[in-house]
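Annotated in Swiss-Prot:
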- Glu358: active site, proton donor (ACT_SITE)
- His389: active site (ACT_SITE)
- Lys519: active site (ACT_SITE)
- Lys34: N6-(2-hydroxyisobutyryl)lysine (MOD_RES)
- Lys454: N6-succinyllysine (MOD_RES)
- Lys454: N6-malonyllysine (MOD_RES)
Amino acid sequence: MAALTRDPQFQKLQQWYREHGSELNLRRLFDANKDRFNHFSLTLNTNHGHILVDYSKNLVTEDVMRMLVDLAKSRGVEAARERMFNGEKINYTEGRAVLHVALRNRSNTPILVDGKDVMPEVNKVLDKMKSFCQRVRSGDWKGYTGKTITDIINIGIGGSDLGPLMVTEALKPYSSGGPRVWYVSNIDGTHIAKTLAQLNPESSVSIIASKTFTTQETITNAETAKEWFLQTAKDPSAVAKHFVALSTNTTKVKEFGIDPQNMFEFWDWVGGRYSLWSAIGLSIALHVGFDNFEQLLSGAHWMDQHFRTTPLEKNAPVLLALLGIWYINCFGCETHAMLPYDQYLHRFAAYFQQGDMESNGKYITKSGTRVDHQTGPIVWGEPGTNGQHAFYQLIHQGTKMIPCDFLIPVQTQHPIRKGLHHKVLLANFLAQTEALMRGKSTEEARKELQAAGKSPEDLERLLPHKVFEGNRPTNSIVFTKLTPFMLGALVAMYEHKIFVQGIIWDINSFDQWGVELGKQLAKKIEPELDGSAQVTSHDASTNGLINFIKQQREARIQ
């Protein structure tokens, strides 16, 4: 594929931006077209609620959207989409298919990898997960002293942690009758020490989530959990009732002391950051029940079908991706804010921080050459309204343009005080995108200050500070209610957005070589931290840091 910057469709888009980009003004665009909302929004109608994607508050015209869709076609998005769904090895650096869509393929139509249908294996693992969940949640699965299981400790990192953690937090209202779930990821001993201090080994089950069963952070934490358990249990054979593995390495799982019957398999075509739909989601299923886990899969499958079959110009993941391309590659935006107005989604931005930045944080193309344009953005965000009192100042009046996605459910899980809290939340959600779009003109600010009775001197002094330029782009994503089905659909929508952008940039969204170098160097440094001898084998900075740490390890603190 030709470089993006040499693609005629991209050049056409850039030329339009150079000639007209500075003239784009959202107030004027809305004034000129009273039907703008209808022209630049989509409603996705499912049998489990509706999703409105309003992208009318973006710096686009119908001509721009046509050019963006033409760019997607020129970059081969449709063909690449089919290659993914057909099980081709689109993760070309690792020689792997990319089939998280198979994990939630509720239609059960065959999906082939190397000529073999993967669906029987997918369904076999789902059945095993269902059986295990039912046994634990019903109290049939007992600990070594006969106690029912009240707590699940999920030990993993990256995709084995962020996805399940985000989903169990998001679906807390659906957890009735399930065990509590705790997540341990950080190698920092504080994380596991604080967690285990609250738990009883007799009624806890640890899930060790590691594809290879060699991930240093996960296995170190798992061994610590086993030590903690055996301090009480004394008998290594009791491990079988309290530890399960999510892995592909049967040998290592057995060596750890886990019965292979308690090992839940997944496959090399499941990427870590796309794995919550697999056995990695066992903690989700235990917490909210397997029926709700299946609803999560069904919502994602619904979005998969929308993504695969809907024309590009009406395709939610594609449109979100193209708007991102517009801002990153024409306007030069470097960050993207995800702002869910739902406290249950408080880990949503963190989840897609990995999903997006580990996928598209690349500068080498499929042909092995360095890109000559920007790729993945910095993704960040916090739930509303907390963010309004933290960083929205910069979004409104800072010097950087930050495209934002605002998300909110129409119906709350907690309609307390006759829905007052949610009404205030909705009002703030709506006000923010309007404020970012409209801003406040000098004349409007002047009238406001005059009405407040300011003296002419104070008015002139305050006036420039009270002006909002506006013209800040946002997407509003409004959905009926945060249910398992709806969450699955939203997560899949963003997954496919990331995929589309990777295709347009001609990078591999499904490897993560950038994670490896630091891990390699850490293995070399770890033994150098032993003893008190000065270290001189690195650059001056790293040597200085190591030697300071050695010196301060034994320091007495007053």
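Here the Cβ of each residue, glycine as well, is placed from N, Cα and C on the backbone.
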Message: Spatially, which candidate from the recorded positions Lys34, Glu358, Lys454, Lys519 is nearest to His389 (active site), comparing Cα atoms?
response: Lys454
- line: Integer Å value for the Cα distance linking the residue listed as 'active site, proton donor' with Lys519 (active site) is 15
Statement: Close in space but at least six residues away in sequence, with Cβ under 8 Å from that of Lys519 (active site), the same-chain residues are Gln216
Field: Inter-residue Cα distance where the pair is Lys34 (N6-(2-hydroxyisobutyryl)lysine) and Lys454 (N6-succinyllysine), in Å
entry: 36
- request: Determine the Cβ neighbour count for His389 (active site): the number of other Cβ atoms within 10 Å of its Cβ.
  value: 9
Task: Output the one of Lys34, Lys454 that, of all these modified residues, has the highest number of other Cβ atoms within 10 Å of its Cβ.
output: Lys454
Protein Cβ atoms within 10 Å of the residue listed as 'active site, proton donor', excluding its own: 23
